[in-house]
C-alpha cells in the first residue's frame, strides 16, 4: 500500500548510540538494517555492523543473534533478551536498545570476557557462528552474571555451529557458571579440568600427557558494572509513553503501531485482514519463503494490556502479548506457588516450552501469535485444548470468550475469531485432584526441532475411583491442524483405567486419527505408531499417579517403568588428552602447543571480515539466480520482459551473454535448451538492490516441455542403465572359490542417505571489474581460488593472469566450496562484464541447499562368507552412489570409495565394485571424507551381520579380522597397522568398554521400553589425493626492513586453522616470535596455480612450502648471523638489506608421490594413513525412537600434532558432523525431484544438546614419520566416520530389542538412524496394530533416493 503520507520517526538505540530513521521500510528486518545501512548517525559514525551474520534468514541458526533491551511496562524493569535479527521487523524496535557483537567489545578498544574466553577456549573455527554464540552468552550474563550450566545450555540451544562440535563453546561459557557439574574424575576426587596441576603446569610445560587446552587463570574477570546502560532517553520515553499512533509507510507495506488498546481495536475494525505482528516468527518465514504478502501490518507491541497476567482462584490468565519465554517464567512461578494437583496443565505446557524452538525464538514469539497461527505442529495448542483453555477476545464492539478447542484450531467459522477481533489473553484453568494432564512430543532431535507428532492428554476420574469421567486427547503433526480425538474419548467415558480400556482406546484412536498414505510430511506409519505409543505412555503415567493417590491400584512392572522417563537435556563433560611439547623446546617455538586460532578474537568481536562483509563498492549491483522448477524438460521460452519493467532491475544474464565457454558440454553454467534437475541455474537478474533482484526473479516466465525419462533414485538409474562414468573395480584373491569353502554366507543391503554441507556462510562472491585491460578482482568464499580463476577465465575468454581471486577466510566449506564457487563466480563475472558494474551474489540458504548438492547417497549390496568362529574369508561389495545430473566429483568419489572400503580389515578374498548413477537431481559433490563415511558403513554393517549370525559381539569379529602385521592393502600399498592396533586397544581401555558392555546388558534385562547399546569402531583413513600433482604447494615469504614478515601460501582458511599452523611453521623456521609474522589473505596474484584446500593435506603441503621458503631466507641470512651472533633479528634484516640480499623467497613443495593404476588395480594412491577408534554408548526409547548419547571416547593418531587445540577441535567437529550424517540429517525429495529440506527447520544438523553427555578425545603419544612436516598428520576429515560409532550403538540397542522380542535380525541397514527408523525397527504390539497402506494405492509425499 504505497502512500505519499510522511512516516513517523523510528527512534531506537544501537550500541549506545541514537538512531532516528525517517524513511524506514516496514518490510526490512533488523539484520538488513544493521548490515547494509549507511545512515550517518552522528557526524562521523556509520552504521554498518557486519558482525551480525546472515546465514539462514529464518531464525533457525542463531548466527544473527543480537540483544534487545526494552522497558517492561508491566514489571517496570529493563528486559534484556536475545533475538534473531533476521526475523526482527525494524519497525518493532521503537523505544528499544539493540546491542550487537561490536557493542560488546572490540580488539581495538577492550574485549569483553565472553569474547576473550570463547576465543581462548578454542570455541571458534570458521568463526561465522561465533558472534551469535557471543551474543547468546552475553545476554545470559546480563540477566544472570553467574548462570547455572542448565541456563547456559538453554541460552545456546538456538545457535548452530557446523565446525566445532560445541564442546569448546560450552566450555568457554562454563567458566562463568556458579557451580561446576564436576566429574570428579571417576572417584579420584580430582576434576578433569584441574587434572595434572601438580604434575604439569597449565598447558603442560613438561613432556607428558596434558589435559588442558587453555589456562583459565589468564581470563579477565566479568565486571557487570562495565556494561552499556539502558539509554536514559529511552527510559524517559517508556515512563511517559506517547499514546499517539505511529505510522511507517514503505513502498508496498504500511506498519501501524497504535499507542492504546482503543486505537488498536479501531484499526483492526478498519483493516480486518491486517495481521498483528509481535515476534514475526511465523509471519516472517511465511513472507520470506512462501510469498505471503500483507499490505498493512498492525503492531500491538506498545499495548501493555496485552501483556497482563492475572492469577485467579480457578486458573491463570496470560496476556496474548507475553512472549513464550515470559510464559515459561510465569508458569514456573505459578507451579512453585500452588499444590501439585492444581498445576498439571502448567507442568505439561512448561515441558514443551523448554524444547520449543531456541531461546531467541521463545524470546520473540508471543503466546497470542503461537495460538492464532494454528500450525499443525504447534506444541502448546494440543495441551491448551485438552486443558479446557479459553480465549478472551476483544473488539471495538466489546469482549467475548470462545473455547480453545478442536473447532477453533481447525478454523471452523462458527468457532473462530471474527476479522475485527483480537486475542487479548488466554485463560488456563487449574487442574484438580483426580485429573491428570500429560504432554508428549517426538522430533528429529531433542531440542529446537519441529515435532513429527505431539500430543496433549487429560483424564478426569470419578473421585476415589479409576473410572473415566472426562477424557480429552489432542494431536499435532497428524493433520492440517491440531486434531482432537473427540469421538474416541466419548466412547471411553465410564470405562476403568486398565489394559482392556487401553486396547480399545488404541483401536478407536487409529480409526479416528487417520492419516492418508500421501499425507504431507510423510512418515505415515511412524506417525500412526506414535499416536498409540503416546497413549500407552499416558496410560502408564496415569497408573503411576493413581498408585500415588491410592496404594490399592496395581503396580507397574519395574521393567516398564523406564517408559515413563523422557531423556533429560544433559550437560556435556569431557577430557581432551594430548602430549605436551618437549621441555627442551624453546619457549618461543610454538609448534606442538595449543595456540589460539589466529582470527579467534576477531571472530568473537565480529571484526573478522567474510566475503559479504566487504563494504559496498561504487556502482555495485546485486545478482539473484533463476533456477529450474522441472527435473527434466526442454526449455521452450524464457520471457524476461516483466522482470525488466520492475524498478531497479538493470539486466537479465542468460547463456547468450557468455563471451567464452558455457561450462562443459554436459555441465553448463547456465542452462541452454534443456534442464536436467530442479535447481539448475537458467539465468540471473542484476538489480540495484538484493530485494529488487529477488523480486524480479519471480517475474521471469519460463515455459517447459517435460522430457522422459525422469530418474531420481539409484534403483531407477540401475534400471535405466544411467551411469556417469565406467565402473571402478578392485579384486584380491579368489572370491568365488572362497565362498564355496566357508561355513556361512550372509547377504544384505545398506542404504546411506545424502548430507547437506550446511556451511554457516552460504555461497557468495563479489566480482569487481577494473577500468583497464579487462582485469577482474574476485572476492569469493572458496576452497579452490585457482579453480574459480580458471573457470572465470574460460567463461569470459580472458587470460588467467588478468583475474585475481582473493580469499580472506571461508565460513565453512567441508568440500562444498571446492568446485561449486567457480560456477557462482563465473556467472557473477559475466554480469560484471556485461553491465560494467561490480556484482555481488549472495545465495539464500534455501537456494544454496537447492542448487549445490551435497554428499552422495549410497546403495550397497554385500555378500560375506565366514567361518563359525567369525573369521571372514570372502567379501563381495557392490556400491552405487547417486551422483546427480552431472559428473562433478562423482568419478573420484567412486574411486576413493572403492579404495577405502576395506577400512581396518584384512580379508584375503575381496571384490569391490562401484558405480556413479546419473539422476535428475542437483549434482552431488565433494564432502568431508569423500566417499569413505558412506562406504565404510557398508563394511562395518557386514561385520555386525556376521556377529549376529555367529552369536558373537561385533567387537570380537572386528578384532579377529583386523590387520595385525605389516601387510598390503587390496591395492597393494604396504603399511604397518601397529598404530591402528594401539588406537583400538587404547580406546577399549580408556572407554572401559568390556565392563560397560556387561552393564548395558544388565540394564537391558531390567528394562523393556528403554535399551542401551554400545559399539566400538576402528578406522584406517587414507589422507590426500591419489595423484602426485595434486600434492604440490607453493608459498611466498617476504621479510620487510623492520623485521616483520608476510607469509602467503596456497591454502584457504576454512576454519581448520591453516593460517595459524603456517605461522607456527614460519615462527619455528625463522626462529622469531609469531607476533612478527602476518598472513593477509590467499590470493592467486601472490601464489599461482594452487590446489584445492581439501583431502586433509592443506597444512601438510603448504607447511612444507612455507618451511622451504623460510629455510631459503635463513640460508641467505646465515653469513650475517654468523658475523653478528649477538645481533637482534631486526639488526640482521637491516644488514641484509644493506648487503643487497633478497628478503623475499618462494617456497615450493613438489608433493607426495601418489598414483593408482585402475587397469591393474594396484598403486600407492595415498601418502599415509590416519588411524583412530571410537566407542559410543547410547540409550534408546523403544516407544518413540528417540535416543540419548551417553558417552563417546575417541582415540586418534595425530603423530606429532602441530597444534593440539586445533587438531582436537577438528576431530570433535568432524565427529559431530558424522554423527549428524548417521542420525538426524535427512534430505527429503518430492516425487517430482524437489528438495523439501531447505532450511534449518526441515534439515537438522546436530545442536549443542546432541553432544554426548561425556565426550573424551585422546591423541596417541607421538611417533615420528619423516614424510610429513614435523611428523604431523592431517586430521580434517578422519573423525567424520567415527560418528558411525553412535549409529552402530543405536543399531546394537535395536538388535537387543529385536532379540528380546524374538524378531529376526534384519540385514537391511538404513542411515540415518532417525527416530522413525529406530521406532519402526523396535517392532511391538503398537507397530503391529497400525493400518498399513498398499504403496500402489497412493503417491508418497517423499521418495528415498538411496
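Each position is counted from 1, following the chain as shown.
Note that Cβ sites are derived from N, Cα and C of the backbone, with glycine treated the same way.
Given the structure is predicted, the values throughout are model-derived calculations rather than measurements.
Annotated active site, proton acceptor per TrEMBL: 1277, in sequence order. Residue density at residue 1277 (active site, proton acceptor): 26 other Cβ atoms are found within 10 A of its Cβ, drawing on all protein chains shown.
The [2Fe-2S] cluster 1 binding site annotation in TrEMBL covers 56, 61, 64, 86. Note on residue 61 ([2Fe-2S] cluster 1 binding site): other Cβ atoms within 10 Å of its Cβ, all shown chains, come to 31.
Feature annotation from TrEMBL assigns [2Fe-2S] cluster 2 binding site to 126, 129, 161, 163. Neighbour count (other Cβ atoms within 10 Å of the Cβ, all protein chains): 30 for residue 163 ([2Fe-2S] cluster 2 binding site).
Sequence annotations record features per position, and here TrEMBL assigns FAD binding site to 276, 277, 278, 279, 280, 281, 282, 283, 379, 423, 441. Counting only same-chain residues six or more apart in sequence, the Cβ atoms lying under 8 angstroms from the Cβ of residue 441 (FAD binding site) belong to 352, 355, 379, 451, 453, 454, 455.
Long-range Cβ contacts of residue 1095 (Mo-molybdopterin binding site) within its own chain (separation 6+, distance under 8 Å): 930, 1023, 1024, 1025, 1030, 1274, 1277. Among the features that TrEMBL reports, Mo-molybdopterin binding site is placed at 783, 814, 928, 1095.
What TrEMBL records for 930 is substrate binding site.
In the domain '2Fe-2S ferredoxin-type' (8-104), helix, strand and coil residues by DSSP number 15 helix, 31 strand, 51 coil. Look at TrEMBL and you will find 8-104 tagged as domain '2Fe-2S ferredoxin-type'.
What TrEMBL lists as domain 'FAD-binding PCMH-type' is 248-433.
Taking the Cα atom of each, residue 163 ([2Fe-2S] cluster 2 binding site) and residue 64 ([2Fe-2S] cluster 1 binding site) are about 17 angstrom apart. The two recorded residues, residue 276 (FAD binding site) and residue 64 ([2Fe-2S] cluster 1 binding site), have Cα atoms 24 Å apart. There are 30 other Cβ atoms within 10 Å of the Cβ belonging to residue 814 (Mo-molybdopterin binding site).
Apart from 126, 129, 161, 163, the residues listed for [2Fe-2S] cluster 2, the same chain places the Cβ atoms of 124, 125, 127, 128, 130, 162, 164, 760, 811, 812, 1055, 1213 within 8 Å of the centroid of those Cβ atoms. Within 10 Å of residue 129 ([2Fe-2S] cluster 2 binding site), counting C-alpha to C-alpha distances, fall the following of the binding-site residues 64, 278, 280, 282, 814: 64.
Looking only at Cα atoms, residue 280 (FAD binding site) sits nearest to 86 among the binding-site residues 56, 64, 86, 161, 783. Here is what falls inside 10 Å of the CA of residue 61 ([2Fe-2S] cluster 1 binding site) among the binding-site residues 126, 161, 282, 928: 161. In the predicted structure, the domain '2Fe-2S ferredoxin-type' (8-104) carries a mean pLDDT of 90. Residue 278 (FAD binding site): 24 other CB atoms within 10 A of its CB, across all protein chains.
Nearest Cα neighbour of residue 126 ([2Fe-2S] cluster 2 binding site) among the listed binding-site residues (86, 278, 282, 783): 783.
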